[in-house]
Structure formats: structure tokens, C-alpha cells
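Trainee: Supplied in C-alpha cells, the structure appears directly below.
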Amino acid sequence: SDHMESICGYLMKYTNLVTGWQYRFFVLNNDAGLLEYFVNEQSRHLKPRGTLQLAGAVISPSDEDSHTFTVNAASGEQYKLRATDAKERQHWVSRLQICTQHHTEAIGKNNPPLKSRSFSLASQGSASSPGVQRRPSQNAVSFFNVGHHRLSTGKRVPIMQPDHLVDVREMMSQAEGQQRDLIRSIECLPVSGHLTSLDQDLLMLKATSMATMNCLNDCFHILQLQHASQQKGSLPAGMTISWLEPKISLANHFKNGAAQNFPAEINKPASVREEQSVAEPCQLTREPEEINPDEELEDICDDKEDDLGAVEEQRSVILHLLSQLKLGMDLTRVVLPTFILEKRSLLEMYADFMSHPDLFIAITNGTTPEERMIRFVEYYLTSFHEGRKGAIAKKPYNPIIGETFHCSWRMPKSDVATDAGSNSSAHCASEQVTLPKDLEGQKELDYYTVKFVAEQVSHHPPVSGFYAECVERKMCVNAHVWTKSKFLGMSIGVTMVGEGLLSLLEHGEEYTFSLPCAYARSILTVPWVELGGKVNINCVKTGYSASINFHTKPFYGGKLHRVTGEVKQNMTNTVVCRVQGEWNSVLEFTYSNGETKYVDLTKLSVTRKRVRPLEKQGPFESRRLWQHVTESLRDGDIDKATEHKRALEERQRNEERLRAETETPWCTKYFLKEGDGWVYHKPLWKTVSAVQTQQTDTN
């Protein structure tokens, strides 16, 4: 009873993009099962500004931070709220969950379940026969006969026993089969005529039937959790609970009008069984592995991505996917269809941002802070063309937690830009940096080596860390990125949350930078990608900063892929360089002395990365991990690629479940958590600092 008291207090409520967050006075009415809010405490005696019924609601702490949580009512209405700190959020969430559970159970006791319903297609003639020609006033739903009957399995008893959960599962399987038949029947309809597979009413029927099945699956999952909690203390040693997947997989809808019969375990390809049987990552060695660049070979893989073009043949898949989404919905946990995947992991995509190592190395060759900032901006803007493979609207594989990617580039020293009258290897005496003894021999080579490593350090939220260094030029870059995807109607938006840090040890300078958002546009016609948003580059030591705007195309007119920016000296507020153009075409740099420089990205040379052969890669290195998916995509076998992809994702879910049951934390391999970010375990700035400390002690 102590936990059921009515509580009240101020919380911040998110209203809309214009108004943003506003303080409101909230009251939890436990007796009525209501969450009410008022403008302030003084207006509490007036009519509430808003009210949510908590019966059947879902209370969810947010992944964004430790203060935010959401209340999702059964009616579909949602409150996004923010407490002052984590302790207050936990207080509100726990009280709301207790109240919600109490009133949800009360409704269940007072309202016995309804009889099951099944939908079946009426026997009809061909699409051209008079029987199926629809009059303008005829509703598409009348195309289906709705019957009421009891399913033969399972009898209702006052108390739900474990064996009845099995009966319910069988009933759910029957209902899912009928729902799949309904979907197939709709999709088998012609694409033209009076009654088509793209009829708005039929699409609505598909969407509502899917939503109904998802809701039933969620309810069944709650029953399992409730039963497990009741039996938790009486489970035999070593006994685990087998959970039903809470959502219907998209795999059954990848073919337009064709059933997907995935083979039984005994008939699965050996590669799929191998993917499912790879050992738990934490049982493998988590010690960082030193990759020898001499073992890496120049990459001969040339997976040029074909444009998706018009997606008529995949329209049913996309419409099915859209039927499950809401505006602003987080897509992190949504399984996207395989045909939109490009043949590389997200970790390798980050590596491809380094495809112009000559421009990267040339940053530190700038003779002045101003020139070094401008060179960094030039490198930054030229990295997206190759990293995004142009404007092709495909997405890379979502990395598995613990997945890594290694590569390197070799850049002839003669190809790296230097300034007239400057020596690329000359350093100021006051800022001389000494290399460790085991790295000094690399200075005698006629090329620079840039090494790269990336790791998926978190699954929920999905966070990647990547690090690159050029030891000879004493420069490195460290970054962590959390990819947040949202559904925006006919577009999908991806926000890159995180920060990068470029360190130029020769000059003692650090440059912080962020990444733009990406958008997949026109997902029902000819999909294409654009970048958008404002990013900032800043160097505290020198006082130089850059502001870059990636412009999204306006609704009417305007250019695609436009970017503008400026570099300024913060102390004097003087603009020293302006840039404009397209991030995947031509960029124009205008300097303060009046000179202009053009960079044609389509003609810019790309240095091939060097990667170890598959047989020398570890089981969790990207190319080896995804090799069967990639091979199937190359062969154009979408079904096989989907099967391999599902095996990897299922294994990841099983491992995550096992870690949760055993309360085993995930151990990263190359990156360490520092504050809100992730840092490479042995960055160059630490190595150099250690050497300098040893030399100081010796002297």
C-alpha cells in the first residue's frame, strides 16, 4: 500500500519542435489510474490540461539520458517526460509501473477474453470476372468474409497454468498463419484493375492485422514474464525459460505473394549452422590484437553498389514495413529488408572515410594554425563522397556487438602535399616529439602508413568506436558514434550522435568535430541519400574554428547535396576561408587573400585500403563475420542473404539474453569508456607521452 500512494510534482514535458520542453505539474491518481498534468501547482484545482489512462500503458525509461522517460497509453497517446535527475526518474517510473500493473490486472479480471476471430478470403473468380469488379461505393473490407469461431485448442480456466501457455502459443501460431495467408492473398492481387494489391483499404487492413498480431504477441510475452516471475524461486538448477519472439519477423514477407519456407535446422547450410554456433564472444580472448600491416594486402574487392532504382518489385515489402512505423519512431530495433543492404559493415564504411590518406596526412604539414585548420576542413569535406559511395540509397550492415574491422593505407611520401620552402619532416625544436624505439625504423621507409581499427562497443544503443593513426607524422583521430534512426514519413533520418578528436602531436593541437545527419529520401519511388545539419570543428589551442552546413534540398527548387562553410579566427572574428559546392561533386575554397581553389571529388584519387585475407581474420572481424551475407548479395540471392543475416542476429540476441541471465557485463576489446565517450586503449598521444616521461626521468 505504501507504493500505491498518489504522488505529484513538476516534470518537464516535451510538447513539439517549436515549443520544446516545458515544466508542468503532474499528478498520479492511483485510485482512478490516471496521470494528469496542469500548467502549475496553483491551477491544480482546475480542469487538467491533459489526462492519460494508465491501464494497459507502457512506461519506458529512455536510452537518451538518465532523466527522460515515456508514458505510452493504450490509446496511442504518448507523454515524453524528463525528471531533474536519475533518482527522481526512477521514483516516477516505479510508481507509474505499479499503478499501471494494478489497473491493467483489474481490467483483465473484470473483462473475460473475447472469442477469437479469423479472417479468410472469400472464394472469388479471377480479377477480371464480374464477381470481383468493385462498385465505387463498395468497401474493400467487404471483399473478406469475417467469421466467429472457437479455436479447438485450449480451454479457459480461472488460473493460467504453464501447460496453457503452450496451448496459447499454438493458438497464436494458428492466428499468425491465418494472418500470413491474408497478407499473401492481398499481395497476389493484380497491381492494376478495380481491386489491386495497392488498394488503400487493403493496405490499411494489412497494417491493422499486423498491429493486432504484434499486440497479441506483446500480451503473450507479458504472460510469460509474469509466469516466470512467479516461478522464479522454484526453477530447478540449470533450467532456463524459452521465450517466444515478441514480434513477427519480416522474413515471411520478403517475396511478393510467395511464402518463405525456411529449411529446418538439419537442412540449413553449413555456413548458417556455423554462424549460429560461434562461441560466446566473452569466452573468446578479449585481449587487444596487434595487427601487423605487413600481413595486410591491397584490397582487390570492388563491390560497386548498384542503385536501387525504382522499387516496384519490392513495393510490398516496403509498404509492409511502413505499415508498422509511426512518425518519429526509433528504428534502432526495426529489422530492415535485406535488399536495401550494401555489401559492407558500418565499421568498414567508417574506414572508407579515410580513403584520401594523402589529404589526412597533409593536415599536419600546414605551416600555420590557419593553414592546418583549412586543410582539416578540406579533408573532412572530401571524406563523405567515398565513405557514402556517392548518393546510393543503401545502408551498411548493422555491426554485431564485439565486431571489429582493421585495415591500413600506404601513402608514398612524395604524394603528400607540402608547402614551398617547408620540409615535411621538419619540426619546431620546442615541439619535438620522439617516437618509441620500436617505431623509429619506420621513418626510413619511403611511404607513410595509416592504421585503422573500429569496434562495435554497444548494441543498445548502437555505438561504434574507431581510431586511426599515422605514427610517422605523429597524428591520430579517435571517434565514437551512436547512430539514431527515425522514421520521417517518406524518408528515414539517421543522426550521428558523438564526437571525434584529431590530435596533431607535432603541434600540440586537438581538433574536435561532429558528423552530419543522413537522410534516405523517396523510399517508395527512387531512393536517394542526402546529408543535412550543421557541424562544428574547433581547436581550443589556436582559437580557429569552422562551421559547416550541409543543406537539405528544399521542397521547391534548390540544388542537391549543397554544402557551405567558413573558417574563422575566434579572437578577431575574422573569416579566413569560405567554402561552397556539393559534397559529392565540386567544392570551391575561397581564401582571405582572394585566391580560389576548386576540388573535383569525382576526379580525386582514391587510395585502396589494405586488409588481411579472410583466412587470417578473426571470427568477429567484419568481412569474415558477414562473408556469407556478402556472397549471397553478390550472387543476387536475397533469400539466402536474409537467412544468413537472421542467423547472425539470432545469435546476438541469444548471447545478449545469456549475459542478462548470468549478469555478465560485456567486455570491449580495443576501446575504453571514458565519461560519455569511448577512447582507443592505446592512443598515440599516450604512447608518446610515456616515452617523453621516460626520457625526462632518464635525464
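One is the number of the first residue shown, and numbering goes on along the chain from there.
Note that Cβ sites are derived from N, Cα and C of the backbone, with glycine treated the same way.
Please treat TrEMBL annotations as automatic predictions, because they have not gone through curation.
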Trainee: If I go by TrEMBL, the feature region 'Disordered' sits on one of 43-64, 549-570, 637-658. Which?
Mentor: 637-658
Trainee: Under the DSSP assignment, what numbers of helix, strand and coil residues are found in the domain 'PH' (4-101)?
Mentor: 20 helix, 39 strand, 39 coil
Trainee: Can you work out the mean pLDDT of the predicted model over the domain 'PH' (4-101)?
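Mentor: Summing pLDDT over the domain 'PH' (4-101) and dividing by its length gives 86.
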